[in-house]
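Structure first, then comments.
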Amino acid sequence: MPALGCCVDAAVSPPPGYSFLWDSSLPAPEIFPSGVPLSTNTAATTTTTTHWSPAHSSALYSIDGWGAPYFTVNSSGDISVKPHGTETLPHQEIDLLKVVKKASDPKNSGGLGLQFPLVVRFPDILKNRLESLQSAFDYAVQSQGYEAHYQGVYPVKCNQDRFVVEDIVKFGSGFRFGLEAGSKPELLLAMSCLCKGSREGLLVCNGFKDADYISLALVARKLMLNTVIVLEQEEELDLVIDISRKMAVRPLIGLRAKLRTKHSGHFGSTSGEKGKFGLTTTQIVRVVKKLEESGMLDCLQLLHFHIGSQIPSTALLADGVGEAAQIYCELVRLGAGMKYIDCGGGLGIDYDGTKSCDSDCSVGYGLQEYASTVVQAVRFVCDRKNVKHPVICSESGRAIVSHHSVLIFEAVSSTTTRSQELSSVDLQSFVEKLNDDARADYRNLSAAAIRGEYDTCVLYADQLKQRCVEQFKDGNLDIEQLAAVDGICDFVSKAIGASDPVRTYHVNLSIFTSIPDFWAIDQLFPIVPIHKLDERPGVRGILSDLTCDSDGKIDKFIGGESSLPLHELGSNGGGDGGKYYLGMFLGGAYEEALGGLHNLFGGPSVLRVSQSDSPHSFAVTCAVPGPSCADVLRAMQHEPELMFETLKHRAEEFVHNDDEQEEDKGLAFASLASSLAQSFNNMPYLVTNSSCCLTATNNGGYYYCNDENIVGVGAESAAAEEELWPYCVA
């Protein structure tokens with residue numbers, strides 16, 4: 001299988017005025033001679049005369065670093081998806097902008113009419129990730145003469161989506177891939193899916209357990225699923241012994257060891273002696289003794305451990321695996337029937353493309369290095385202790401699912417500091433109204449601007465603004481004059497070559513719903529425009545979401561940046577048809593599961609896209625509209641149907657009391673009721689194109705196709721196309 005190496009074409013150099021993400025400095029601002037500002041069309045001239053290519057955008061956003069081998073920039077300036085990684089042929093690449101247009105175009109134009117935000121899943125990438133992980137371990141096992149095999153386990157908590165889990169079971173059945181569950185619902189999900197998977201695939205039961213959980217796990221064992229109950233707490237052992245005897249089931253038991261090895265990275269708190277889960281060495285000895293007394297020591301077959309998520313280096317990995325392998329060998333010495341060593345999670349991904357051991361957004365290794373380190377560490381300890389090599393497992397959920405999912409959202413507007421311009425007469429009038437101190441600051445500011453003294457200009461501009469604010473508070477300046485201060489300061493800033501202020505781009509998204517890890521733990525994800533990458537970005541901006549919360553913004557980006565290079569928005573938004581689309585990548589793990597309903601913004605629409613031989617190289621195999629306003633209201637225990645009836649009754653009263661003809665009253669009522677019904681059926685997000693509105697669509701439905709033209713499944717779905725599902729106006 002292809003190696004997942006990340007490289008950046010060193011031959012591409014940044015155009016004037018830009019630096020790449022890994023650069024630590026930018027060119028010094030140009031000082032205009034005699035303080036005279038450049039012509040207002042200079043920026044446009046620079047943009048058109050300086051050649052800008054997709055390769056420049058790829059380097060600017062470090063796409064070849066974090067995106068390889070699945071994402072690149074094509075010759076049209078769009079993000080291109082390589083569903084089979086390095087084995088993707090040129091005609092198999094998928095233009096992401098074409099996928100977005102297919103999803104969002106109205107149905108009467110051949111689109112699906114889905115509303116943003118939109119999650120696009122690529123199951124082919126999921127398959128490639130599984131195969132690459134298995135291939136890396138297979139190579140390590142073969143090259144090092146390891147006398148057992150590797151079989152992975154997917155922790156469903158990373159992304160419990162039905163199709164994601166089913167795809168993993170299907171794609172992994174040929175190499176005994178299993179599932180891990182940490183709760184009773186996840187266990188039920190895993191049991192059902194593994195009925196179609198490999199019989200050797202493990203069903204690892206982690207998390208806190210009560211009698212019901214353990215009974216369910218033992219039922220799975222009865223159903224011939226290869227189920228292992230992993231002891232996270234010492235007291236769980238008594239329940240396992242008692243319930244297994246009552247059910248007459250011989251359990252497979254694992255235990256989670258609390259290692260001393262700990263890493264100090266972003267997720268280091270999940271590891272070490274003070275980690276949330278696991279048994280100390282003292283507890284492990286007691287568990288072994290109790291199992292021996294119960295005649296069940298042969299049931300203990302698996303050792304599980306977790307060094308921590310996003311393990312930064314192979315040195316730390318080798319240290320932790322070596323410690324765990326010592327515990328494994330000791331369990332063998334004590335008589336346990338050991339067969340498996342489960343490395344847990346920790347296989348990291350490179351969010352910023354730097355391959356750095358010192359970054360919370362990166363890791364200093366690839367899949368092959370990870371696999372080789374694990375195999376070598378286990379083999380070394382077992383050979384020294386003369387212990388049979390165990391089957392190696394890992395729960396590498398983040399590494400499996402992160403790449404396969406892309407979040408697409410629109411920038412709908414931007415906030416700029418367009419200050420008013422003053423004529424010489426207005427300027428003279430403004431200056432006359434300033435107090436002596438403010439007037440002195442203005443004169444000093446003008447003089448410093450003529451001399452081109454940037455730092456001095458900033459000082460006097462700040463002082464002038466502050467003094468004018470104080471005058472405004474005292475009632476000595478009106479609001480127009482206060483606004484004029486910004487215009488003066490902006491003019492001077494341009495005259496001395498100061499950089500343009502960072503803009504705020506308003507995006508049709510809830511960060512709390514779709515990117516919760518950014519808000520909660522400062523996790524950074526690569527965010528880039530998915531089109532216009534053959535054009536030079538003209539501004540820098542931060543992203544502000546739709547929520548009524550000051551935390552609902554993204555002002556930190558990979559590469560240590562506090563703003564993102566962006567393109568100018570047109571009069572109706574971005575470039576193509578007034579749209580400007582951004583993509584958040586590598587967010588396929590955890591983000592959907594952790595997202596909440598802040599401001600009652602629900603989840604995104606979801607599109608499942610497979611590579612095909614069709615003209616555009618892709619087929620939509622599943623489309624799920626995002627939750628409607630009614631759906632999210634219902635999730636908070638409201639009753640949308642009753643709410644609709646209440647509002648419809650109020651509308652009827654309002655129309656009845658109006659001084660209109662009876663015929664007009666009927667039309668007015670029908671219009672109001674229809675508008676209310678539409679509001680309940682629409683998604684909570686902004687509808688930037690009325691043709692993309694999801695009225696008259698069953699939001700709870702799934703739609704499938706085998707080609708690019710989507711078709712409904714069953715008469716029920718087809719009938720639902722033409723009705724406002726629960727809110728029909730009689």
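Placed from the backbone N, Cα and C atoms, the Cβ positions cover glycine too.
Per Swiss-Prot, pyridoxal 5'-phosphate is bound by Ser309, Gly346, Glu395, Ser396, Gly397, Arg398; the candidate from Tyr61, Tyr70, Tyr590 named for the same site is Tyr590. The most densely surrounded of the recorded positions Lys157, Arg398, judged by C-beta neighbours within 10 angstroms, is Arg398. In this structure the C-alpha atoms belonging to Gly397 (pyridoxal 5'-phosphate binding site) and Lys157 (N6-(pyridoxal phosphate)lysine) are separated by 8 Å.
Most Cβ neighbours within 10 Å, among the binding-site residues Tyr460, Tyr590: Tyr460 holds that distinction in the structure as shown.
Between the farthest pair of Cα atoms in the substrate binding residues (Tyr460, Ala461, Asp549), the distance is 33 Å. Within its own chain, Asp549 (substrate binding site) has Phe512, His598, Asn599 as residues 6 or more apart in sequence whose C-beta sits under 8 angstroms from its own. Taking the C-alpha positions, the distance from Ala461 (substrate binding site) to Glu395 (pyridoxal 5'-phosphate binding site) comes to 56 Å.
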